[in-house]
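Report on the structure given below.
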Amino acid sequence: MRYFKEEVAGMKYGIYFAYWTKEWFADYKKYMDKVSALGFDVLEISCAALRDVYTTKEQLIELREYAKEKGLVLTAGYGPTKAENLCSEDPEAVRRAMTFFKDLLPKLQLMDIHILGGGLYSYWPVDFTINNDKQGDRARAVRNLRELSKTAEECDVVLGMEVLNRYEGYILNTCEEAIDFVDEIGSSHVKIMLDTFHMNIEETNMADAIRKAGDRLGHLHLGEQNRLVPGKGSLPWAEIGQALRDINYQGAAVMEPFVMQGGTIGSEIKVWRDMVPDLSEEALDRDAKGALEFCRHVFGI
């Protein structure tokens, strides 16, 4: 398993393409140009586009080669739909999820993507109008991820189990729960994914949670308590950086800010107002670059 080539080993900084958009589909080459010019190491993409937009082997190879040309590593994120749910009581929903992921993982391998993060063990957005069976759903997720991890190992793609806040998920809300979960699955290619936005709601001490995760931490999302870019809110970034240094974190640290209301993204992320006064592309670029410089300075990595 590898995230980066040996000559560029170490934690790398990235950003999710959806910071600039209101929909989950985009021209990824455009955002490769942008994030490379801004100084990032990583662009995170949505896997939904690999089913609906980038559908051919030639297109996937083209994206891979363009990323290399720009000096970028690609990472991937996904929120499964309710119809393709690894923890479902419905065998058809589980079958559809397995089919989707077993088709997706070789595509990620072809693209030289080695981390897939998100609430992969369940579905998103979660329906809280029904009585969710946490223990039963957790057991089914463990069983099905054990099977799926074999394909992940063959494709050398780490599955990052994202720890979500109580308003977006119910199976994994804390790092402690995620540790037990990934240990029970028992695969080198199933790891924990932490997100500072969610951690701010659920963790008593964010830095301690990172240290507890240790080498189980496979992926990291960065964002303020209100989804702004790092450095524009109140999170304890110096403590977070120290914890990452303490565990010698070698993965990607990907910013996942959402600042625009409207569109599918604004609706699903629950952004009900514009979060910054200037939403011009130039201003968003400026904030992203400033956040990158802030993280590199404060984290010291």
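Positions of Cβ are set from backbone N, Cα and C atoms, glycine also.
As given in Swiss-Prot:
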type     : residues                                              : note
BINDING  : Tyr16, Glu168, Asp195, Thr196, Phe197, His198, Arg227 : substrate binding site
ACT_SITE : Glu162                                                : active site, proton donor/acceptor
BINDING  : Glu162, Asp195, His221, Glu256                        : Mn(2+) binding site
ACT_SITE : Glu256                                                : active site, proton donor/acceptor
Local Cβ density at His221 (Mn(2+) binding site) - other Cβ atoms counted within 10 Å = 25
Inquiry  = Around the Mn(2+) site formed by Glu162, Asp195, His221, Glu256, list the extra residues of the same chain whose Cβ is within 8 Å of the site's Cβ centroid.
reply    = Gly77, Gly117, Met193, Leu194, Thr196, Phe197, His198, His219, Leu220, Leu222, Gly223, Val254
Query = Does DSSP give Glu256 (Mn(2+) binding site) helix, strand or coil?
reply = coil
Request  = Tell me, in order along the sequence, which recorded positions from Glu162, His221, Glu256 have their CA within 10 Å of Phe197 (substrate binding site).
outcome  = His221, Glu256
Query = Between Arg227 (substrate binding site) and His221 (Mn(2+) binding site), what C-alpha distance do you get in Å?
reply = 11
Query = Residues with Cβ closer than 8 Å to the Cβ of Glu168 (substrate binding site), same chain and 6+ apart in sequence?
reply = Gly119, Trp124, Pro125, Val126, His198
Alpha-carbon distance [Glu162 (active site, proton donor/acceptor); Thr196 (substrate binding site)] in Å = 11
Query = What are the other residues, in sequence order, whose C-beta lies within 8 angstroms of the center of the C-beta atoms of Tyr16, Glu168, Asp195, Thr196, Phe197, His198, Arg227 at the substrate site?
reply = Asn165, His221, Gly223, Glu256
Query = By CA distance, which of the recorded positions (Glu162, His221, Glu256) lies nearest to Tyr16 (substrate binding site)?
reply = Glu256
Position of peak Cβ density within 10 Å, selected from the recorded positions Glu162, Asp195, Glu256 = Glu162
Length of the line joining the Cα atoms of Glu256 (Mn(2+) binding site) and Asp195 (substrate binding site), in Å = 9
Remark   = Least Cβ-packed of the binding-site residues His198, Arg227 (other Cβ atoms within 10 Å) is Arg227
